[in-house]
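These notes are about the structure you will find just below.
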Ligand SMILES: Nc1ncnc2c1ncn2[C@@H]1O[C@H](COP(=O)(O)OP(=O)(O)OP(=O)(O)O)[C@@H](O)[C@H]1O
Ligand SMILES: [Mg+2]
């Protein structure tokens, strides 16, 4: 739980983080152009370029037996490379709305950013109109597979494991926000983007909509609103002003899901319980009521501190989140975090169009 507390301390300016700074790769990019269409940035020398044939072979021609899941980008298959390494191969669905821009943004981001709590991009394929991403294979799948709709004969995630996951993803976020030369805002923090390795080691995945944060005097980046409904900070949805605090909000929501075992939007529940955050907010006001938030599968845990962290991440007033930026500055000044970072530029191609999405309780992507 150390990092949850450490990151929370950052948020509330309660003390120094004890975490060892992790460096950002990126200054050593080799300048290879990854785009055949000319729209892409440069790639890190760490991401391997695959041919489509190699990836078809690795997945036995994208056989349905090897399908791991499907998201907005397309289908994800388990594969095995010629050297024996197991991988997850994400194949862009050509009817996908996400497309090229997110593909190249993801390759760029994951080539620059390296941390034990971020997924490793092994390589990619950009051959003719094929777009494929190749990641390290995470054997336990994504967090939502473990948190929701768990079969009755399967034990629920225990409290210690839930906190281990929260701790790990907090470290990943802290790295993005604090250690990178320019803060990186993840923008799509949610259980399906938290992948789990052996021993429930969590990594953040899906960097297609991640964005470099504000620099200089500016305290936000203006963007069109993207993310997933339920996890997007209300301020961002209303104004399009993006800051690292938007990820902090998403972190608070996921923490609440870990505590309660409940989906952020659950249409199967009664109207007053459909929206997890709206349901929890009156309970946040009274610590004597906190027990109502706890997953009924996990009775008896003392959760006051964790609820308090979730509440402060989600709450908008008096949360002390403005101190995050100050903390970031002091950490960069005091540590080697920023010393070997090389890049400070925009994710390419995102039109800076500010729009206000229809706010509906759909749990859908805002894209
Ligand atoms: N590296 C990986 N290792 C193992 N399984 C993976 C990996 N990447 C993705 N998956 C599986 O594929 C599923 C789909 O992932 P994907 O990121 O495409 O969609 P999503 O996160 O569910 O939705 P969205 O498009 O909104 O992000 C995941 O839920 C997970 O089960
Ligand atoms: Mg995902």
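One is the number of the first residue shown, and numbering goes on along the chain from there.
Backbone N, Cα and C atoms are what each Cβ position is placed from, and that goes for glycine too.
According to TrEMBL:
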type	residues	note
DOMAIN	62-367	domain 'Protein kinase'
BINDING	90	ATP binding site
REGION	324-367	region 'Disordered'
Average pLDDT across the domain 'Protein kinase' (62-367), rounded to a whole number: 82
DSSP three-state assignment (helix, strand or coil) for residue 90 (ATP binding site): strand
